[in-house]
Structures are given as structure tokens and as C-alpha cells.
Amino acid sequence: MAIVSVKLTSNQVDKFLILWRPYLVHNNHNYAKYTFKIDGTLIIIYNTNTCTINTHDINSFLNTFLKREDLTLFNVIKQQVNTKKNNQNVMSQSEIYESAQVIIGSDEVGVGDLFGGIVVCAVSLKKSDFKKINHLKIIDSKKLNDQQMQEIYQQIKNQISYTIVSYNPKEYNELIKEYNNAHILKTILHYKALQSEIHKHAKYSIFSVVDAFSSLKNWNQYLQKVNFQPYEPNLLIPKAESIYTSVALASIIARVMFLKMIAIIEEQFNVKIPLGSSNPLVNDVASNIFQKFGLKILKQVAKEHFSNFQQIIKNK
């Protein structure tokens with residue numbers, strides 16, 4: 001599913017209502033004027049006349065349900081959709097804030113590292129929060145070094161709302177054996193972090209964004225597998241940290257927390273822990289820990305299902 005946002009005039013909103021009145025559904029959203037559900041597609045028209053269309057295939061939807069009904073309206077929306085496609089087809093922060101008071105973004109760190117577990121952070125930002133953080137020039141964490149992220153975290157940790165959830169390596173290994181799918185573990189943590197922030201901001205209208213690691217279909221299947229209540233983020237999108245400030249901050253905070261997890265391992269074994277999994281130094285350090293302390297201890301600091309972990313214990 002993808003969300004496309006378009007701006008309508010009052011006359012165009014009236015046309016929508018005439019065309020799709022049979023598809024009107026109830027919506028508790030404080031800022032929603034009309035909500036329609038048409039063959040699996042959700043359309044919300046807000047008080048600002050911003051219209052969001054949540055659908056699997058925007059072109060198919062427009063051609064099927066609008067082109068034959070009102071060609072003029074079809075062309076207006078089609079033009080806006082095509083413009084957005086040229087700009088990655090995503091809603092901007094300013095568009096979201098027209099219809100939501102809080103943007104919650106979540107991201108995870110540690111999934112590609114042999115050592116350490118995984119950390120997920122969800123960050124909530126109201127428009128007013130930007131006054132506190134604009135001077136920091138928040139960008140994609142992949143473009144920041146560890147020192148820069150630490151400095152940003154120290155400046156924002158008491159200024160914004162966020163939730164951190166994690167699995168240490170021992171917990172991670174136990175759950176991987178149970179579910180045999182790292183995506184399920186990530187979904188659990190994202191879900192818990194998002195729900196925590198949603199609960200904190202229950203009186204606000206919320207828009208949630210997750211840095212995508214799976215499709216929405218799989219996300220729902222993972223939640224069903226672990227018997228969690230259904231919840232769909234408003235947007236699952238790759239590289240969300242480069243688009244939405246809340247996700248960028250979530251990535252930074254999660255990275256800082258993951259580095260703290262690594263620092264504990266370093267202190268425990270008095271060794272510098274290399275990050276990643278393909279670096280030859282990773283194998284060297286893991287082999288040394290295995291040889292000195294045994295398999296039980298290695299399982300407490302590293303991800304057991306990684307191929308190099310298996311190779312290390314195989315070559316003992």
C-alpha cells in the first residue's frame with residue numbers, strides 16, 4: 001500500500017462527495033471531513049481539502065473509479081500524482097502536518113551486525129518541536145559519524161518524545177530459534193515502540209511512518225503470527241530516514257543505544273568490537289571469544305544464525 005496526497009478545491013471536494021457518497025464510511029479522525037472506502041482503497045478528505053488516497057495501485061484506482069465518472073477531476077488528480085511520482089511519490093512533512101498533529105517515525109539498528117542485538121526507536125514530533133531541533137540540522141544517520149550522533153542525542157534526549165525497545169543477543173537468539181525470521185523480531189520491536197508513542201499522544205491526531213524492511217502485507221502477517229492486535233502504520237517506505245525528521249532522529253537514537261550495547265561487550269571482554277559482519281576483524285574477535293570463553297558466552301554477545309558465527313563454531 002502507498003499513500004498519495006493531493007490538494008483539492010472546495011468544488012472538487014463537492015464532486016467527490018457526489019460521486020462516492022455510497023462509499024462514505026465513519027471516521028473518528030478529528031480533522032477528517034469525509035472518508036470513503038472503495039474496493040480496498042481508503043480515501044480521506046481533510047478539513048484543509050487535502051485528500052489522501054491509500055491504495056495498492058493509484059493508476060489502476062483512478063482509471064477504474066474516476067476516469068469514467070469525471071474526466072476533468074481525473075486529469076487534475078492524475079497531474080498531481082504524476083508530479084509526486086517524479087518526486088518519489090511520497091507525502092512531504094508539511095503535507096502530513098496539514099492533517100495530523102504528530103508524526104511518529106521508527107527505525108532499527110543492528111540487524112546487519114554480528115555482535116550485539118537489535119534496537120528500535122520511535123520518535124514523535126509535533127510541529128512545535130522543530131523549534132527545539134532545527135538548529136541541529138538533522139539528516140540521515142548514515143551521513144553522520146558516531147560522534148556527531150552522540151552529540152545530537154545529548155542535545156535532544158530531553159527535548160522530544162521517544163521510545164527505545166531492544167533485544168540483547170541472548171534474547172535475539174532465543175526468538176530467532178522460535179520464529180526463524182529476523183523480520184518478525186523487527187516487526188515486534190517496531191510495533192511496541194510505535195504503540196508506546198501512540199499511547200503517549202492519544203489525544204492527538206497521529207501519522208506513523210516506519211522505515212520499510214517488509215511489505216505491509218508481510219507486516220500484518222508477522223503481527224498475526226505473534227498474536228498482536230492488528231496495527232498498520234500510515235506509511236512503510238524505504239529510506240524514510242532521508243525524508244522524515246522523526247525517522248531520522250529515531251535512527252540516530254537507535255544507533256546511539258546500539259553503540260552502548262556494544263560498549264558493554266567491549267568492557268566485558270576488554271576488546272574492541274568491530275561492527276558489521278563481513279569485516280575480517282569481526283571473525284577474528286568472534287573466534288577469540290569462542291576459543292577463550294566457549295560457545296555459551298559467544299551466544300550471549302553475537303547473533304547465532306549468522307553464517308560466519310556458524311563457520312566459527314564449525315571450525316573449532
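Cβ coordinates are placed from backbone N, Cα and C, and glycine is handled just like the others.
What Swiss-Prot records for the divalent metal cation site is Asp107, Glu108, and among Asp211, Asp284 the residue it adds there is Asp211. For the binding-site residues Asp107, Glu108, Asp211, the greatest number of Cβ atoms within 10 Å around a candidate Cβ is found at Asp107.
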